[in-house]
Amino acid sequence: MKLSEVFSKLIEKIRGVDYIDEAVLQELSREIQRSLLKADVPLELVKAFTDSAVKRIREEKPPAGIPPREYLVYVLYEELVKLLGGEQPAEFKPTKKPYVVLLLGVEGSGKTTTAAKLAKYLAKRGYKVGLVETDTIRPAAFDQLKQLAEKIGVPFYGERDGKNAVEIAVRGVQNFKNMDVVIIDTAGRHRNEEELLKEVKAIYDAVKPDEVFLVIDATVGKLAAAQAEAFMKYLPIHSVIITKMDSTARGGGALAAVAKTGARVKFIGVGEDVDEFELFNPRKFVARVLGMGDLDALVEKIKAVFEEDKVLEELESGRLDLLTFKKQIDSLLKLGPLSKVFQLLPSNFAIKVSEEQIELSQKNLRKWKAILSSMTMEELKHPEVLNASRIRRIAMGAGVTPKDVKEMLTVFENMKKMSKMLKRQMRMKMR
């Protein structure tokens with residue numbers, strides 16, 4: 001079960017309450033505790049969280065016009081933000097050249113894939129990045145990172161038959177001395193964990209990295225604190241990256257546990273694709289978990305792909321025709337899985353788009369391009385003129401069935417609804 005699923009039932013229950021007295025408050029407090037424990041948040045943090053939230057609900061008066069149940073959701077939101085790391089979104093700003101980043105983590109944490117994700121993230125923002133593999137224990141690590149580096153177009157340094165991880169790291173940094181950022185991947189857990197920690201400490205002393213990232217698998221939940229503290233005994237941990245946040249309810253526990261250690265969660269991995277990686281923003285993350293949507297993130301994604309001002313204006317104004325849709329078919333692929341885009345929408349809208357429709361839209365972009373290319377300009381600008389005979393003609397020209405054309409039009413209608421929702425939400429935010 002995902003973290004958002006754990007909390008969606010809780011939010012439904014809160015919004016189903018007509019009024020909040022002490023008995024209702026106590027019942028909701030227990031529900032909140034159960035939800036947090038399901039998310040694998042440490043027990044002492046659960047107690048502190050509920051005590052603080054209940055105290056605020058008892059003592060604070062909702063602003064005029066805000067129903068108590070909505071204010072309760074707001075308090076829950078605010079307290080979750082505090083629990084998971086505070087107000088400020090994370091930043092990554094290299095301060096020198098090359099800026100050396102050292103990645104640490106136990107075996108299976110997703111560290112090597114994360115090295116490539118971080119490299120892709122930085123390369124997309126204009127940084128020249130080099131990847132260095134120092135794992136001499138796991139032979140596949142060299143090939144894995146080399147292949148990922150080639151896939152994302154980033155230079156790679158490693159020594160397939162190398163025996164000394166420290167020397168490989170030093171040579172790698174020297175090899176990439178003209179890069180903006182050098183990312184060093186290290187070995188995961190050895191049979192002897194103490195040997196692993198000694199090795200990463202030796203690499204740290206040799207290359208003197210500017211930032212040390214600990215990579216933690218979200219599925220470990222509250223045990224994330226123990227992992228962080230074990231590494232902290234040997235060397236400073238400046239930042240944390242939590243992977244697999246899309247696939248487990250324990251992600252909240254991992255975030256809370258890390259925040260408790262004083263380490264800063266800087267990035268989260270939200271899927272398997274190399275593009276599914278983002279700076280951690282506690283407010284945006286909690287908004288998604290509570291089903292409030294994250295329209296800022298949606299707009300940011302749209303801007304990154306739809307660079308043309310006209311297209312963006314059409315999306316924001318709620319206008320979207322098939323001509324715009326046709327121009328952006330190729331760009332849609334750059335968004336990554338469309339399921340991620342729909343997850344950024346408020347839950348009361350996103351749930352209306354089925355997984356089957358999203359999967360269909362991901363698989364059939366090329367087919368749709370052929371369909372759209374078979375339409376006249378009138379049909380592209382005015383989809384309402386499409387009748388059965390026109391659809392048959394379009395299908396024949398595109399080499400598909402009329403059913404394929406209708407399925408594409410269904411997805412297009414969902415896109416139109418999304419743009420209208422975006423427009424309404426933006427108006428609300430401007431008030």
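A Cβ is built for glycine as well, from the same backbone N, Cα and C atoms used for every other residue.
Source: prediction; values computed, not measured.
According to Swiss-Prot, the GTP binding site annotation covers 105-112, 185-189, 243-246, on the basis of sequence analysis. The Cβ neighbour count for Met245 (GTP binding site), using a 10 Å radius and every protein chain shown, is 24.
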Requested in this report: Inside 10 Å of the Cβ of Thr186 (GTP binding site), count up the other Cβ atoms and send me the figure.
Outcome: 25
Report task. Select the most exposed residue of Gly105, Gly108, where exposure means the fewest other Cβ atoms within 10 Å, treating these as the binding-site residues. Result -> Gly108
